[in-house]
Amino acid sequence: MSTTINRNEKTKQVVNKTKEIKTESSQQQQQKPPISKLMGIILATRPWSLTISVTSVLVGSALAFREIREFDSIMLSIILVGAVSLQALGNVVNSFYDCKNGNDTKEKSADRTMFDFGLTEGNIINLIWYLLIQCAICLGLMIFRMDNIKCIVENILPLGAFGFILNISYTAAPIGLKYIGLGDLTIFLCFGPILVQSAFISQTHYHDSLAYFYSIPLALTIVAVLHVNNTRDIKADTEAGSITLASKLGFKNCYYIYAGLYLFAYIYLFKLSLDIDKYILNLPLILIPKIISLINQFKNKKLEDLTEKTGQLSFFFGGLNAIGVLLSMQ
């Protein structure tokens, strides 16, 4: 009898130790390793999204080369760094004010910049200043490289100022365009007409409305990135009292908008190809199977990683768009 009791006690001890080991193991898995400050700063800029500004610059530069058959690689480098810096600045300011305004909290926010990256509020403010200075340096280098006062005063400075104001005012006080339903329009203008035209002017030294028209298809795919993000955040934005297009439309209508953005992007791209009788402009058509996959993922409400996937799609769309523009040279 005593032998049986001892065996039972030993069995219980083994079971308890096994449970303790499993508990410790699960706790260790839940505890994420600390992020270095440098990595935190990099993640705060949302590096996965920065390809958006790159593709806008590439489309504008490709169009410029098609029109004048000249190319300034140094100017391209300057405007690429400037565009990426400006977008990174907007991303960090967006994270900062979303947290300040209560849209993002540690418990519910998908954007972890203010919570998990080991950065203090002071670190974020310093990063904002650093990116501001970097943008100013790129603008100065661009002006110096162009050496065309009339073009700078009439085109570059107005476009740059307008784009900067829109970018910062997306979430920053006193306007907060995102919170009054104008976020989609803001992103469309910043990464479509404004940035594509700026890249075009930096190469040609003149303004052409053609750049605005050619920016539209890519801009629509970029708006799709924001649209997914805002659809995912409908509940959080509504609780914070923010009004976004997604929160006003509801999920079902957001789904139709998401699909419609791609549909209109391709329709407009096809129109551009008809205008110049160069169907190579429709090169992004090869992405349609991937787009259908993303639309189905949206329909099934699997939005967790859809923002990143939509951003990747926009990058490939823009890259193929730029190649199509180059290949459409007369």
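Keep in mind that glycine also has a Cβ here, set from the backbone N, Cα and C atoms.
Taken from Swiss-Prot, the feature transmembrane segment applies to 39-59 (among others).
Residues 44-46, 49-50, 52-54, 56-57, 61, 113, 124, 127-128, 131-132, 134-135, 138-139, 141-142, 145-146, 163-164, 167-168, 170-172, 190-191, 195, 198-199, 202-203 of the same chain sit 6 or more residues outside the transmembrane segment (73-93) yet have a Cβ under 8 Å from a Cβ within it. Per Swiss-Prot, transmembrane segment is recorded for 73-93 (among others).
The feature transmembrane segment is assigned by Swiss-Prot to 124-144 (among others).
Summarising the annotation, Swiss-Prot assigns transmembrane segment to 156-176 (among others).
The transmembrane segment feature in Swiss-Prot is assigned to 180-200 (among others); the stated evidence is sequence analysis. Distant neighbours of the transmembrane segment (180-200): 52-53, 56-61, 63-64, 76, 79, 83, 87, 90, 156, 159-160, 162-163, 166-167, 169-170, 207-208, 211-212, 214-216, 218-220, 222-223, 225-227, 230, 243-245, 248; these residues of the same chain sit at least 6 beyond its ends, with a Cβ under 8 Å from one of its Cβ atoms.
According to Swiss-Prot, the feature transmembrane segment maps to 209-229 (among others).
Marked as transmembrane segment by Swiss-Prot: 254-274 (among others).
Swiss-Prot lists 276-296 (among others) with the feature transmembrane segment, giving sequence analysis as the kind of evidence.
According to Swiss-Prot, the feature transmembrane segment maps to 310-330 (among others), an assignment based on sequence analysis.
Tertiary proximity for the transmembrane segment (209-229) is limited to same-chain residues at least six positions away from its ends with a CB under 8 Å from its CB atoms, namely 49, 52, 55-56, 59-60, 63, 67, 110, 183-184, 187-188, 191-193, 195-197, 199-201, 245-246, 254, 257-258, 261-262, 264-266, 268-269, 272, 284, 298, 303, 306-307, 310-311, 313-314, 317-318, 321, 325.
Non-local neighbours of the transmembrane segment (310-330) in the same chain are 48-49, 51-52, 54-56, 58-59, 61-63, 65-66, 69, 214, 217-218, 221-222, 224-225, 228, 265, 269, 273, 276, 278, 280-284, 286-287, 290-291, 294; each lies 6+ residues outside the stretch with a CB under 8 Å from one of its CB atoms. Remote same-chain residues near the transmembrane segment (254-274) are listed as 213-214, 216-218, 220-221, 223-224, 227-228, 231, 234, 245-246, 280-282, 284-285, 288, 291, 295, 298-299, 317, 321, 328 (criterion: CB distance under 8 Å, separation of at least six residues from the stretch ends).
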